[in-house]
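Student: Here it is, the structure in full.
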Amino acid sequence: MVGDFLLVGLNGMTWAMAVFLVAAGLTLIFGILHILNFSHGGFVMIGAYLTYTLINQTSGPTGIFVFLAVAVLCAAVVGVLGYVIDRTVFERLKAVDDSYSLIATYAMLILCEGGVKLVWGPDFIALPPPAGLDGALLLGDLFIPSYSLFVILSGIVVFLVLDFWIHRTRSGKVMQSVALDPWMANVLGININAMFTTAVVAGFALAGLAGGLLAPNQSLSPGLGGTYIIQAFGVIIVGGIGNVRGAFIAALVLGMIDAFGTVYVPEYPGIFFYIAVAGILMYRPQGLLSGIR
Amino acid sequence: MSRGQNTSSTTSAANAAILAAALVFATLPLWADKGLVFLAGIVMVQIVFAVSFNLMFGLTGLVSFGQAAFFAAGAYTAAWLGRAVPELPFLIFCLAGGLVGALLALLIGVVALRRASGIYFAILTLALGQLVYTLIGKSDALGREDGLVGIKRPVIDLFVGTLDLSIGDRYYYFLLVACGILLGLLWWVWHGQLGRLLAALRQDAERIRFFGVNVRRYREIAFIISGGVTALAGALVAPWSQIITPAIAHWSYSALPILFCLLGGASRFWGPAVGAIVFAGLEYATRTMVGVSELIVGGALLVVVLAMPGGIVGTLSLLARKLTKNGKERLNEQSA
């Protein structure tokens with residue numbers, strides 16, 4: 001009984017950290033630029049597909065360090081893509097209405113899907129976890145996939161690094177000031193355009209990293225971007241858009257509610273996520289935490 | 001908005017275009033193949049879907065990202081009733097579908113319009129729409145993921161006799177008339193007193209509140225009308241496609257009317273209609289190219305949103321105004 005309880009909690013935790021990995025870059029970009037990037041899930045998907053291709057280039061069983069190196073490389077590639085998109089698209093979206101930027105980035109999600117279909121084909125692709133993460137740990141009578149632990153650990157590490165950057169470093173503090181009052185930051189001699197670009201590149205790199213780390217988590221298909229983005233939307237809006245800590249807490253809360261809800265009402269899996277999102281937003285429309293902090 | 005003296009010529013050009021489009025739709029079964037006729041029927045329904053959505057979006061200024069929930073509510077209600085009580089007249093099914101959609105809009109509106117606005121409203125309606133999607137996809141009575149299949153085209157009792165809509169292109173003409181009536185209704189709402197009030201809400205809700213108007217109630221009314229007409233469109237589509245699946249409740253289906261509105265121009269009544277037709281044309285032209293289709297549709301959308309903020313209709317009318325202005329100036333110069 002206790003074992004079952006723990007296992008459900010572990011599933012919820014794995015889901016939460018996977019979605020947090022996707023949501024982190026999304027909420028970062030919104031926090032600074034106030035653009036809700038619909039295409040974020042598409043770039044996570046591109047990161048995952050890139051990882052698949054790169055890992056298939058290496059011969060023999062992939063070790064965990066090769067896997068991590070590939071994920072970081074994908075983060076860099078998607079980060080560069082982010083730079084290009086910042087110059088060509090986001091530059092023009094700063095002045096327009098929220099709904100317009102939502103649809104412009106939705107158009108980019110469609111472009112991502114088209115690109116993935118062209119390059120990798122429309123069929124499902126599976127990537128096995130790397131050697132060392134394909135087994136399971138036995139804790140008493142509890143059977144824990146080691147890849148789940150890896151996803152949980154990755155989520156926590158990414159959160160700690162981001163949180164340290166935003167709250168404990170100079171550049172993070174500067175970023176906060178730009179988010180709060182770009183005009184004043186500009187007057188104080190901060191190059192706000194450089195900060196905007198940094199945020200976008202960092203956000204996209206996080207998307208690429210998430211894609212790389214999560215690639216073995218599920219089978220890859222061109223619809224993956226849409227699936228990712230909807231869950232990430234729920235998480236960042238409940239957390240308070242733009243707030244990384246909020247997103248982390250919201251991911252945990254929603255992950256647990258959904259995991260336990262699915263145990264008690266197995267006929268409708270996934271429904272508790274939406275109920276929880278709607279319910280929490282009813283009472284806290286601005287989300288659990290607000291602002292970039 | 002200031003109106004120049006050339007408005008009448010732009011308006012008559014627009015009227016001519018609407019008339020031409022209506023004529024094309026009306027004569028389509030005479031010269032086009034079956035696939036195209038089917039597509040045209042879907043496009044007509046999607047036009048009603050998009051224009052009713054635009055009552056919230058273009059007119060009232062609220063982005064609802066769960067509009068597909070109403071469409072699906074209408075379609076599933078009508079199709080399910082058609083199975084449960086086939087002896088009742090078809091129009092009852094449609095009206096019931098619209099009613100269920102309006103009730104659902106009332107429910108979602110009460111939740112979503114209470115405090116949320118802007119992007120929060122969009123995400124909240126998205127979450128609630130996905131809730132409806134999940135419920136439909138997991139419900140045995142509604143056929144789970146497979147949906148409802150083999151929906152019959154109805155026989156309508158006209159008192160003087162019966163009209164069997166399952167023969168030939170009859171249901172297409174029925175759709176044409178029904179969509180025309182619904183568009184007429186929406187036109188009346190958009191241009192009437194309610195429409196003007198909603199437009200004022202979009203421009204300055206705070207000021208309207210000071211005039212003593214209950215802003216939230218009027219937003220709810222707009223949401224209910226929008227949801228109800230969308231559901232009616234859904235009820236009409238079920239016998240046309242003869243199969244409905246949970247895909248019509250999915251969030252990507254909710255994105256369609258937003259796409260049509262921005263593509264065509266959300267500030268005009270006919271903008272979403274133009275968007276729906278252009279979008280269908282793009283998809284039809286690229287239907288066989290896997291991947292390329294998405295690239296073209298996504299690329300076109302991105303270009304329109306970035307370069308033509310008024311959509312196709314907005315840009316065309318801007319162009320027309322510039323052209324007629326130049327022409328008049330040149331005429332004036334000549335006469336001088």
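Note that Cβ sites are derived from N, Cα and C of the backbone, with glycine treated the same way.
According to TrEMBL, the record shows the following:
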TRANSMEM  A:12-33  transmembrane segment
TRANSMEM  A:40-58  transmembrane segment
TRANSMEM  A:64-85  transmembrane segment
TRANSMEM  A:147-166  transmembrane segment
TRANSMEM  A:187-214  transmembrane segment
TRANSMEM  A:220-239  transmembrane segment
TRANSMEM  A:246-265  transmembrane segment
TRANSMEM  A:271-292  transmembrane segment
Student: Same chain only, please: residues at least 6 beyond the ends of the transmembrane segment (A:271-292) with a C-beta under 8 Å from a C-beta of the stretch. Say none if there are none.
Tutor: 31-32, 166, 175-176, 179-180, 231, 234, 237-246, 249-250, 253-254, 257-258, 260-262, 265
Student: So which residues does the transmembrane segment (A:246-265) touch in its own chain, when a touch means Cβ under 8 Å and the partner is 6 or more beyond its ends?
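Tutor: Long-range Cβ neighbours of the transmembrane segment (A:246-265): 8-9, 11-17, 19-20, 23-24, 27, 155, 159, 234-236, 238-240, 271-273, 275-277, 280, 287-290.
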Student: What else in the chain is close to the transmembrane segment (A:187-214), if you only count residues 6 or more beyond its ends and a Cβ gap under 8 Å?
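Tutor: For the transmembrane segment (A:187-214), the list is 18, 21-22, 24-26, 28-29, 31-33, 37, 40, 43-51, 70-83, 85-86, 90, 94, 150-151, 154, 158, 171, 174-175, 177-178.
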Student: Taking pairs 6 or more apart in sequence, does the count of Cβ pairs under 8 Å between the transmembrane segment (A:40-58) and the transmembrane segment (A:220-239) hit 3 or more?
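Tutor: Yes; at least 3 Cβ pairs under 8 Å.
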Student: For the transmembrane segment (A:147-166), I need the partner stretch with the highest count of C-beta pairs below 8 angstroms, choosing only from A:12-33, A:64-85, A:220-239.
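Tutor: Stretch with maximum Cβ contacts: A:12-33.
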Student: At a C-beta cut-off of under 8 Å, are there same-chain residues at least 6 beyond the transmembrane segment (A:220-239) that contact it? List them, or none.
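Tutor: The answer is 19-20, 22-23, 26-27, 30, 36, 38-45, 48-49, 52, 109, 112-113, 116-117, 120, 122-127, 245-251, 253-254, 273-274, 276-277, 280-281, 287-289.
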Student: Sequence-remote contacts (6 or more beyond its ends) of the transmembrane segment (A:12-33), Cβ cut-off under 8 Å?
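Tutor: Non-local partners: 40-41, 44, 90, 93-94, 148, 151-152, 154-156, 158-159, 162, 175, 178-179, 195-196, 199-200, 202-207, 209-210, 213-214, 217, 228-229, 231-233, 235-236, 239, 241-244, 246-248, 251-252, 254-256, 258-260, 291-292.
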